[in-house]
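Taken straight from TrEMBL:
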- 12-17, 59-62, 97-106, 132: FMN binding site (BINDING)
- 316, 348, 349, 350, 351, 382, 383, 384, 385: FAD binding site (BINDING)
- 426, 481, 482, 487, 488, 489, 490, 491: NADP(+) binding site (BINDING)
- 6-151: domain 'Flavodoxin-like' (DOMAIN)
- 172-413: domain 'FAD-binding FR-type' (DOMAIN)
């Protein structure tokens, strides 16, 4: 398969735009992306209709004039007889290099961006405007306008889907589902904490079938939020309005307006993630401490990637921990750059482990709490699983933002089609939903190969499976890998019992008690 092709075209008067373009080309090739870098007037502009991906880097000269090496391109691109679909196959981005002390700041980049849209091009992102007057060259995407007085109680809140809403819950408007129970289902001596968590989705408009997944938006721990605010010298109670610097950039829908610093750090900034190289690049630009800045530049350089891997990626060091290691730099970070520096918390997907036919208005998930040790003293913990495990509905109301999307597993709807399911560990979750659904519909031929370590420690839903076996609604084949001297896994059971399963399938014509007593959807 041919590698994707990128074209970088520049209009440069003093060489700065050319230098930036060549750097883009090097970065693209480093990422295995085929890339050509050319001056705009040396490129046959008629070929632009065949280019799928183009970045334009252009300076502005004089009183809003294009550089000398893009004037011919400029005249051509603004011909009135060019059709409005001329560039409909092209995805593009425009980077302008200008100086905000001039009246027509980045005039060429802004005008080019609008013209490419008029010709049918698809913008990958809003026009990017570099400013020579700015201390970093590129200003932050947003400004935080701090309010002198806190708003009245209740003004800050997350955009959510309300019960009875005609709009199904989504990432921009999740449903705040009450948590009904949060039960550990592994034995107390088992090495892993696994939870069966149930939510009430009554009135949410959520519907799902076996194989679908639920997405959950987690939050950072209170201890991590407090530590982050301390290191950066932020007041967690400070309230601000988030204002985009450019008119065509919108604020994140997940952030309320106004918003407190605590809400921003707790619910939006992914301070528990492992930082990328770009994080160190921007952090170096923000650093005022010579020694720390030197180290950050080393980490962000091509030569420093092996050392960065050993420092950050191998031990899974988090953004918060990196900031603690560079305290002088962290304390000098302007709040405006928080959203540029730190990515947003991403939702986590879990297989739904229940059927609405068996548990109406309920949604259950099986969650393995992620925790492991690296060479760092503090154990590494999964953000979402640890957050969910910490929630206790027995201590008071707990609500979790969630929504549902179709999964990749599909099950036959015809009642006489048997299904063989293989689900080791928590991977059995979607098959439990499928078995509940199929049994409720009178569908037999349900074969489950389930694997775990110990019968008495991590045999999820043992009693439920046994009850279905008694009713001839399920054939269960378990494998307990640690209960004998030689380990036995699910794949061993599949090999041993494969011929038996096919033999059983041949006898599915006789109605079982499961078929005779099932209820219809």
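Including glycine, each Cβ sits where the backbone N, Cα and C put it.
Residue 15 (FMN binding site) is surrounded by 10 other CB atoms, counting those within 10 A of its CB over all protein chains shown. Model confidence over the domain 'Flavodoxin-like' (6-151) stands at 89, taken as the mean pLDDT rounded to a whole number. Counting Cβ atoms from all protein chains shown, residue 105 (FMN binding site) has 18 others lying within 10 Å of its own Cβ. Cβ-based crowding with a 10 Å cutoff singles out 316 as the top-ranked of the binding-site residues 316, 487.
Sequence-distant neighbours of residue 62 (FMN binding site) (same chain, 6+ residues apart, CB-CB distance under 8 A): none.
Among the residues the record lists as binding FAD, namely 316, 348, 349, 350, 351, 382, 383, 384, 385, the two farthest apart have Cα atoms separated by 26 Å. The binding-site residues under consideration are 12, 351, 426, 481. Their Cβ neighbour counts within 10 Å are lowest for 481. Distance from the CA of residue 316 (FAD binding site) to the CA of residue 102 (FMN binding site) is 45 Å. Counting every protein chain shown, 13 other Cβ atoms lie within 10 Å of the Cβ of residue 482 (NADP(+) binding site).
Counting residues per DSSP class in helix, strand and coil order gives 46 helix, 40 strand, 60 coil for the domain 'Flavodoxin-like' (6-151). In this structure the C-alpha atoms belonging to residue 383 (FAD binding site) and residue 12 (FMN binding site) are separated by 46 Å. Here the Cα atom of residue 481 (NADP(+) binding site) is found 24 Å from that of residue 351 (FAD binding site). Of the recorded residues, residue 316 (FAD binding site) and residue 426 (NADP(+) binding site) place their C-alpha atoms 24 Å from one another. Cβ neighbour density within 10 Å is lowest for 349 among the binding-site residues 59, 349, 383.
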